[in-house]
Structures are given as structure tokens and as C-alpha cells.
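K.L.:
Quick one: the structure is below, questions incoming.
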Amino acid sequence: MAYDDVLLHLGEFGRYQKRIYLLLCFTVIPCAFHKLAGVFLGAKPNHSIPWDDFLKHGLLVKCTIQTIRNLISKKEYLLIKPKNVINGFLINPSTNPFLLVCDRAWLRATADSLFMTGVLIGSYIFGDLSDRFGRRPTFFISLVLQLAAGLLAAIAPEYITFVLARILIGATTSGVFLVAYVIAMEMVGPGKRLFAGTIVHMFFSIGFLLIAGFAYAIQDSWRIFQVVITLVPGVLFISYWWVIPESSRWLMTKGKHAEAKQILMKAAKENKVRLTEDMLDNLLAAETLEEKAAEEKKQILEQECNNYEIRQRNGDVPYKETTAAKPPRPSILDLMRHPSLRKRSINIFFNWFVNSLAYYGLSWSTSNLGGNDYLNFCLSGIMEFPGYGILIFTLNRFGRKFTLCGALLIGGVALLSTLFVPSHMNWLTIVLAMIGKLAITSSYGTVYVFSTEQFPTVIRNAGLGACSMSARIGGILAPYINLLADYWRPLPLLIFGGLALLAGGLALLLPETLNRKLPETIADGENFSKQPFSKSKGTKDLKLQKVEGSNRA
């Protein structure tokens, strides 16, 4: 009996799993807070005061921000020009940290870019820690560090400290989101993983909406805003220590069978399912055999990979099987050595780059659309719900390739269409941008599943790691693309739209994976495009074959 068979016996998504799953989903919300906080921490001021007018009249012009009244009421400001006068306007430092506007706007983009660099670093550090020392301790270490870094950002006396704190926050969002996602997926049965994985992302979208409410309510002080989005969820979720268990799957892989059995028995009791000691003992025996078989299979696959390279170098000339006891472990370079795999991998990496660039670019640039910034931001968050919901119905019906391609093409056309909108119809620009956001959300959700099924088993983890790297590069560049709106407002949307169209067209060159046996060896991967469809066995029933993480991490 395999581990997934026990999950089927417990109930793929029973009461126990639903309770833990829901608690973990809530921890995704503050990850959205921190990833999107830059929109409001560095927001362009809606109200500013001409300094010359103030000196001339000694009176305030019309302004709705009371803190500015307090700021410039002191007489010394009449004698010495304060440093928060930028381009002739008095900017309120209580609402814009370190005056990141005008010719200093690139510093705001740099802060957001370095935050995404932290996300990249954290995905590798916390992913490795969770595999080595356990999901649960890594999860709570991430929460504690996130709380500390968030509070440090709130009290940062100058820009460098603020940026360093934001980098650490970015790293910990990967730790919290990634590990919570893995714990959740490892306790859900195979038939429910696609559904459960989609719902997790919807909680990120809930955080998208909530942070707009916090920002609207706390407009007068960015420091208070930062404390609120950090302290409240941080303290609440650290209290999860007494309710979130370790992953029983991880415990079993580490030989901690007694602890795994205790968790599984508790789950069976809450789900009102009979699970005996004998059944669990059979599971442990089966898992041990499975691990040995998997290791032997892995060595065989690596051996085949080595032999395949020999055949390629010799031009398919008959060869003798190598007797090396331990052939080199396949690496990301193997994807580049073989023509078909190389083309497919570069295509996939580009797709991840474009999806991340467009997703974060659109999420962070709602203030460039005109109209009410808070309303635009909320609409952008709302678009994510149908964007992810569509995938539940389309991925297994129309296939991964056409879902991905269709979403990218629709998004690209919508964003490029903003070029032709008359200046007096700004509402239409907003509508087209929101259609683009919905479509990019769908494509971003699709590309993870699709990519997982494209890479051979022996190199799947390395392939997904390279995909994640490509996505983070897109996120790192997105803030700088948005800065181009200062020169021509439609330009960022046109860049996102053009790249989405290109990525959508290139996606047509990828082989469909629905209802197909996944490639295992390098040779399988090289010939994957030529293999026929198999209706009897494939990825439709497999869902998410192996839980590695999330494209959000």
C-alpha cells in the first residue's frame, strides 16, 4: 500500500485535511500583503503643496492630508527649505517613505526589484531547509523572521535599512508560502491536488483585496501601514505552532515512522475512518520497498541518460554498456545538450519569464491606469478569482497547451489594444488592462502544471528550479518596466502585451501533456514531441504528480 493509498483510505480531502489546509491557506494572505505593499509604500502623492506658494502666502493650498498641515506649521520651515521639497513641491514623508518620487522614483523601483531578489534567494534557502530539517520548523522560522523584518522596515531610519529589511521580507514570503503549500499538498489525495492548489492561490488574491483596504484606511503614515500588515498576521500565525503538524510524508521519508503513524491515526480519528496499526505497518513496509525501488530506478534512468549521451556523441553507432558504478547525476546542462529538449526548455523558461513579468508588472502598475488608484487595485485583485477558477474546468478538458496559449493570446491582444483607446475613454483602458490581468493570471497558473509535465523525471527538479529562476528575473525587472510610464503611459502595457503574444505563439510549439505518460529519461524527453497520445494512462488522472512548490514562491 503506497502513501497515496492511505490518503485515499483517509479521504482525499477529509475533515482533518480541510481544517489544516484552511489554516495554512490563511498564512498566504500576509505573503500577498508584503509582495504588494510596494504599490502603496512608494505611491505617488495625490496631494502636494507648491513650496513657492507657501512662502508667498504663508497659507496652505487646498489639501486633504492633515499630516502635511502639522509638518509645515513649524516656523523653521520658513527659514530653511526642507529637503522634502522635490521639483518645487512639498512632499509628505509620512505617506511616501524616503521621498521616492520624481527623479528619485528609480529608488522605489529598485526597492521592489530587490524585494523580488529576496524572493528568489528565499525559495532556494527555505526549500532546502524544509527538505533537510522538516516543513514545520522551517515554516515557523520563516514566520518569525517575516515578523521581525516587517517591523524593522517600519522603523527603518533611512533607505538602505528599509531596502535590506524588504529583501529579508521577500525571502521569508518564499519560506512561508512555499512550505505552507507543500504541507497542504502532501496531505491531500492525488485526485484533489489540482483543486487544492488552485484554491491556495485564491487566498493570495484575497490578500490582494485586503491590502487595498488597509492602505485606504491608513493613508497618513506608511510606518503604521507597515506595522499593521506585519504585526497582526505575524502574531496570529505564530500561534499556529500548537495546531499545525509536521508533514507525515516527510516524516516517513526521514524514517520517523512513529511520529508519522501518530499523525495519520489522528487524521483517521477526525475523519471518522478506521485505520489500524496493521494497515500502517503495511504502509511503512511498502514505503520502504518503494524507496528502494525508486532509488534503483533512478540509478537505471541515470545510467540510460549516460548511455544515451554516448550514442549521441557516436552518431548512434552500436556501443557497449558502461560499467560505471555511479554515472554523473543529470543537471540542468543536460537540457541544453539535446536539440529537442533545448528548444522546449528555452521556450518554457521564456514563458515563465513573461508570465512573471506581466503578472507583477500589471499588479504593481494600477496607479498608471488613471482614475482611482484604490479601485483599480481592487479590480486587479478581483480578476484573479475567475483567472484561477477557469483552470479547474479547462486544464483537463481542453489541455494544458491550448489553455496556456489561449490565455496569453487573449491577454496580449487586450493589453496591446490599449494603444488605440482615445484619451477621453480612460475607463476602456482600465477594462482592457483588467482583461489582460485575468488572462495572465490564468496563464501563470497553467504554466506551472504544464512545465512539471514537460521535463524528464531524472531532471524535473532542476528544470523547475530553472523555471523559477526565470520567473524571478521577470519579477525583478517588472518595476523598471513600469517606470517607463513616466515617459509614455501606455508603454509598459504594450511591452507586457507584446511579450504575452510572443509567448503564446511559442507555446503552440510545445507538446501537449494531457493524457500522456510523462517522460522519465533524457531519451524520453528528447523524443517526447514524437510520442503518440495515450488515452489509457496519462496526466489527467495524475493531476499534480509531484509537489515541488508554487509559482508564487
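Cβ atoms are placed via backbone N, Cα and C, with glycine included.
The transmembrane segment annotation in TrEMBL covers 20-43, 105-126, 138-156, 162-183, 195-218, 224-244, 345-362, 374-395, 402-421, 427-450, 462-481, 487-510. What TrEMBL lists as domain 'Major facilitator superfamily (MFS) profile' is 62-515. Look at TrEMBL and you will find 258-311 tagged as coiled coil. Taken from TrEMBL, the feature region 'Disordered' applies to 526-553. Summarising the annotation, TrEMBL assigns compositional bias 'Basic and acidic residues' to 538-553.
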K.L.:
What is the pLDDT of the coiled coil (258-311) when averaged and given as a whole number?
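P.N.:
In the predicted model, the coiled coil (258-311) has a mean pLDDT of 70.
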K.L.:
Return yes if the transmembrane segment (20-43) and the transmembrane segment (402-421) have at least 3 CB pairs under 8 Å (sequence gap of 6 or more), otherwise no.
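P.N.:
Since fewer than 3 Cβ pairs under 8 Å link them, the transmembrane segment (20-43) and the transmembrane segment (402-421) do not come into contact.
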K.L.:
Answer yes if the transmembrane segment (345-362) and the transmembrane segment (462-481) have at least three CB pairs under 8 Å among residue pairs 6 or more apart in sequence, and no otherwise.
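P.N.:
These two segments touch.
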K.L.:
Using a cut-off of under 8 Å between C-beta atoms, tell me which stretch among 162-183, 195-218, 374-395, 402-421, 487-510 contacts the transmembrane segment (224-244) the most.
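P.N.:
Looking at each of 162-183, 195-218, 374-395, 402-421, 487-510 in turn, the most contacts to the transmembrane segment (224-244) are made by 195-218.
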K.L.:
Please check if the transmembrane segment (162-183) comes into contact with the transmembrane segment (105-126), where contact means 3 or more CB pairs closer than 8 Å and the residues in each pair are separated by 6 or more positions.
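P.N.:
Stretch pair touches.
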K.L.:
Using Cβ atoms only, state whether the transmembrane segment (487-510) and the transmembrane segment (105-126) have three or more pairs under 8 Å that are 6 or more apart in sequence.
P.N.:
no
